[in-house]
Amino acid sequence: MAVLSIRMIGDPVLRTPAAQVTDFGPELARLVQSMSETMHSVHGAGLAAPQVGVGLRVFTYAIDGEEGHVVNPEILSSSGLQADDQEGCLSVPGIGFALPRAARVQLRGLDVTGRPVELEADGMLARCFLHETDHLDGRLYIDRLQGEDRRAAMRTIRHSQYNEVTTGTLTKRSATVASAFGKGTFQAGRKETGA
(Lines of atoms letter the chains of each structure in order from A and count residues from 1; the text may use other names and numbers.)
(Lines give C-alpha, C1' and ligand atoms only; values in the text may rest on other atoms or scores of the structure.)
Protein backbone atom coordinates (compact mmCIF):
# COMPACT_ATOMS: atom_id res chain seq x y z
CA MET A 1 0.00 0.00 0.00
CA ALA A 2 1.11 3.62 0.30
CA VAL A 3 1.60 6.50 2.68
CA LEU A 4 -1.02 9.16 1.94
CA SER A 5 -0.90 12.95 2.18
CA ILE A 6 -2.56 14.32 5.34
CA ARG A 7 -4.87 17.29 4.82
CA MET A 8 -4.29 20.38 6.95
CA ILE A 9 -6.67 22.78 8.67
CA GLY A 10 -8.29 24.98 6.06
CA ASP A 11 -8.99 22.08 3.68
CA PRO A 12 -12.79 21.88 3.15
CA VAL A 13 -12.79 18.06 3.35
CA LEU A 14 -12.04 18.39 7.08
CA ARG A 15 -15.26 20.39 7.57
CA THR A 16 -17.53 18.16 5.50
CA PRO A 17 -19.45 15.33 7.18
CA ALA A 18 -18.28 12.01 5.72
CA ALA A 19 -20.58 9.62 3.86
CA GLN A 20 -21.51 6.15 5.06
CA VAL A 21 -19.49 3.37 3.45
CA THR A 22 -21.67 1.10 1.31
CA ASP A 23 -19.07 -0.78 -0.76
CA PHE A 24 -16.90 -3.22 1.20
CA GLY A 25 -14.71 -4.27 -1.71
CA PRO A 26 -10.96 -4.24 -2.32
CA GLU A 27 -10.79 -0.43 -2.65
CA LEU A 28 -11.93 -0.04 0.95
CA ALA A 29 -9.40 -2.63 2.12
CA ARG A 30 -6.63 -0.72 0.31
CA LEU A 31 -7.80 2.55 1.83
CA VAL A 32 -7.74 1.14 5.38
CA GLN A 33 -4.29 -0.41 4.84
CA SER A 34 -2.92 2.86 3.42
CA MET A 35 -4.47 4.86 6.26
CA SER A 36 -2.85 2.55 8.81
CA GLU A 37 0.55 2.90 7.11
CA THR A 38 0.13 6.66 6.97
CA MET A 39 -0.83 6.84 10.66
CA HIS A 40 2.22 4.79 11.65
CA SER A 41 4.56 6.79 9.39
CA VAL A 42 3.77 10.00 11.30
CA HIS A 43 3.52 8.29 14.72
CA GLY A 44 -0.18 9.07 15.00
CA ALA A 45 -2.65 7.48 17.41
CA GLY A 46 -5.57 7.66 14.98
CA LEU A 47 -6.44 8.80 11.48
CA ALA A 48 -9.84 9.48 9.88
CA ALA A 49 -10.47 9.13 6.14
CA PRO A 50 -11.25 12.85 5.66
CA GLN A 51 -7.73 13.59 6.92
CA VAL A 52 -6.40 11.91 3.77
CA GLY A 53 -8.98 13.59 1.54
CA VAL A 54 -11.50 10.74 1.45
CA GLY A 55 -15.04 11.65 2.52
CA LEU A 56 -15.99 8.28 4.00
CA ARG A 57 -16.80 7.22 7.57
CA VAL A 58 -13.66 5.21 8.33
CA PHE A 59 -10.92 5.60 10.92
CA THR A 60 -7.84 3.69 12.03
CA TYR A 61 -6.25 3.66 15.48
CA ALA A 62 -3.17 2.36 17.32
CA ILE A 63 -2.86 3.07 21.05
CA ASP A 64 -1.21 1.06 23.82
CA GLY A 65 -1.15 -2.18 21.83
CA GLU A 66 -4.74 -1.80 20.61
CA GLU A 67 -4.82 -1.40 16.85
CA GLY A 68 -7.54 -1.57 14.25
CA HIS A 69 -10.10 0.29 12.20
CA VAL A 70 -13.81 1.04 12.31
CA VAL A 71 -16.10 1.67 9.36
CA ASN A 72 -19.35 3.63 9.86
CA PRO A 73 -18.71 4.08 13.61
CA GLU A 74 -21.45 5.06 16.01
CA ILE A 75 -20.87 6.04 19.64
CA LEU A 76 -23.40 4.07 21.70
CA SER A 77 -22.57 5.46 25.12
CA SER A 78 -20.00 7.52 26.97
CA SER A 79 -19.37 8.07 30.67
CA GLY A 80 -16.94 9.58 33.13
CA LEU A 81 -14.60 12.46 32.42
CA GLN A 82 -10.92 12.83 31.62
CA ALA A 83 -10.35 16.55 31.82
CA ASP A 84 -6.62 17.15 31.86
CA ASP A 85 -5.25 15.10 28.98
CA GLN A 86 -3.61 17.01 26.16
CA GLU A 87 -5.09 16.53 22.70
CA GLY A 88 -3.58 17.32 19.33
CA CYS A 89 -4.28 16.51 15.71
CA LEU A 90 -2.28 15.52 12.63
CA SER A 91 -4.35 18.02 10.64
CA VAL A 92 -3.67 20.86 13.11
CA PRO A 93 0.08 20.40 13.70
CA GLY A 94 2.19 22.15 16.28
CA ILE A 95 -0.48 22.87 18.90
CA GLY A 96 -2.18 20.88 21.63
CA PHE A 97 -4.60 21.66 24.44
CA ALA A 98 -6.18 19.94 27.42
CA LEU A 99 -9.67 18.97 26.33
CA PRO A 100 -12.33 17.30 28.48
CA ARG A 101 -13.56 14.06 26.93
CA ALA A 102 -15.51 11.07 28.19
CA ALA A 103 -13.36 8.57 30.08
CA ARG A 104 -15.18 5.55 28.64
CA VAL A 105 -17.02 4.92 25.39
CA GLN A 106 -18.85 2.08 23.74
CA LEU A 107 -18.75 2.15 19.95
CA ARG A 108 -20.15 -0.03 17.20
CA GLY A 109 -19.49 -0.15 13.51
CA LEU A 110 -18.21 -2.52 10.87
CA ASP A 111 -14.87 -3.95 9.88
CA VAL A 112 -13.39 -3.69 6.39
CA THR A 113 -15.39 -6.73 5.24
CA GLY A 114 -18.70 -5.37 6.54
CA ARG A 115 -18.88 -7.55 9.66
CA PRO A 116 -20.28 -5.86 12.79
CA VAL A 117 -17.83 -4.85 15.53
CA GLU A 118 -18.50 -3.47 18.98
CA LEU A 119 -15.71 -1.94 21.04
CA GLU A 120 -15.38 -0.58 24.54
CA ALA A 121 -12.55 1.78 25.36
CA ASP A 122 -11.35 3.95 28.18
CA GLY A 123 -8.64 6.51 28.71
CA MET A 124 -6.58 7.45 25.68
CA LEU A 125 -8.32 4.95 23.39
CA ALA A 126 -11.73 6.42 24.31
CA ARG A 127 -10.32 9.89 23.56
CA CYS A 128 -9.07 8.65 20.19
CA PHE A 129 -12.45 7.14 19.24
CA LEU A 130 -14.21 10.41 20.09
CA HIS A 131 -11.60 12.52 18.27
CA GLU A 132 -11.76 10.42 15.09
CA THR A 133 -15.56 10.28 15.14
CA ASP A 134 -15.56 14.08 15.35
CA HIS A 135 -13.47 14.14 12.15
CA LEU A 136 -16.10 12.02 10.42
CA ASP A 137 -18.72 14.61 11.42
CA GLY A 138 -16.67 17.48 9.96
CA ARG A 139 -15.45 18.67 13.34
CA LEU A 140 -11.92 19.36 14.62
CA TYR A 141 -10.87 19.08 18.25
CA ILE A 142 -10.18 22.82 18.37
CA ASP A 143 -13.92 23.37 17.80
CA ARG A 144 -14.52 21.88 21.25
CA LEU A 145 -12.10 24.21 23.03
CA GLN A 146 -13.60 26.94 25.17
CA GLY A 147 -12.58 30.23 26.71
CA GLU A 148 -8.92 31.20 26.65
CA ASP A 149 -7.83 27.86 25.14
CA ARG A 150 -10.06 28.45 22.12
CA ARG A 151 -8.84 32.02 21.73
CA ALA A 152 -5.21 30.87 22.01
CA ALA A 153 -5.75 28.15 19.39
CA MET A 154 -7.37 30.60 16.97
CA ARG A 155 -4.61 33.18 17.53
CA THR A 156 -1.96 30.56 16.82
CA ILE A 157 -3.67 29.35 13.66
CA ARG A 158 -4.22 32.90 12.38
CA HIS A 159 -0.64 33.92 13.17
CA SER A 160 1.47 34.22 10.04
CA GLN A 161 4.15 31.89 11.40
CA TYR A 162 1.62 29.07 11.76
CA ASN A 163 1.68 28.77 7.96
CA GLU A 164 5.39 27.99 8.31
CA VAL A 165 4.54 25.20 10.77
CA THR A 166 2.01 23.61 8.41
CA THR A 167 4.28 24.09 5.39
CA GLY A 168 7.18 22.53 7.25
CA THR A 169 5.01 19.63 8.35
CA LEU A 170 3.73 19.08 4.81
CA THR A 171 7.26 19.22 3.39
CA LYS A 172 8.52 16.71 5.93
CA ARG A 173 5.59 14.37 5.32
CA SER A 174 5.72 14.69 1.52
CA ALA A 175 9.13 13.05 1.52
CA THR A 176 7.38 9.78 2.44
CA VAL A 177 4.20 10.11 0.36
CA ALA A 178 4.18 7.56 -2.43
CA SER A 179 0.65 7.91 -3.72
CA ALA A 180 -1.87 10.43 -5.00
CA PHE A 181 -4.58 8.34 -3.28
CA GLY A 182 -5.27 11.15 -0.83
CA LYS A 183 -6.18 13.65 -3.53
CA GLY A 184 -9.89 13.19 -2.80
CA THR A 185 -10.70 11.12 -5.87
CA PHE A 186 -11.59 7.87 -4.09
CA GLN A 187 -15.26 7.54 -3.21
CA ALA A 188 -16.04 3.89 -2.49
CA GLY A 189 -19.69 3.12 -2.93
CA ARG A 190 -20.30 6.16 -5.14
CA LYS A 191 -20.47 6.07 -8.89
CA GLU A 192 -19.70 9.06 -11.05
CA THR A 193 -22.65 9.81 -13.33
CA GLY A 194 -20.92 12.20 -15.69
CA ALA A 195 -23.76 14.71 -15.43
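Backbone N, Cα and C atoms are what each Cβ position is placed from, and that goes for glycine too.
Feature annotations, courtesy of TrEMBL:
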ACT_SITE  Glu132  active site
BINDING   Cys89, His131, His135  Fe cation binding site
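Each residue contributes its Cα atom, and for Glu132 (active site) and Cys89 (Fe cation binding site) these two points are 10 Å apart. Under the three-state DSSP scheme, His131 (Fe cation binding site) falls in the helix class. Cβ atoms within 8 Å of the centroid of the Cβ atoms of Cys89, His131, His135 (the Fe cation site) belong to the same-chain residues Gly46, Ala48, Gln51, Leu90, Ser91, Glu132, Asp134, Leu140, Tyr141, site residues excluded.
Around Glu132 (active site), a 10 Å sphere centred on its CB holds 25 further CB atoms from the protein chains shown.
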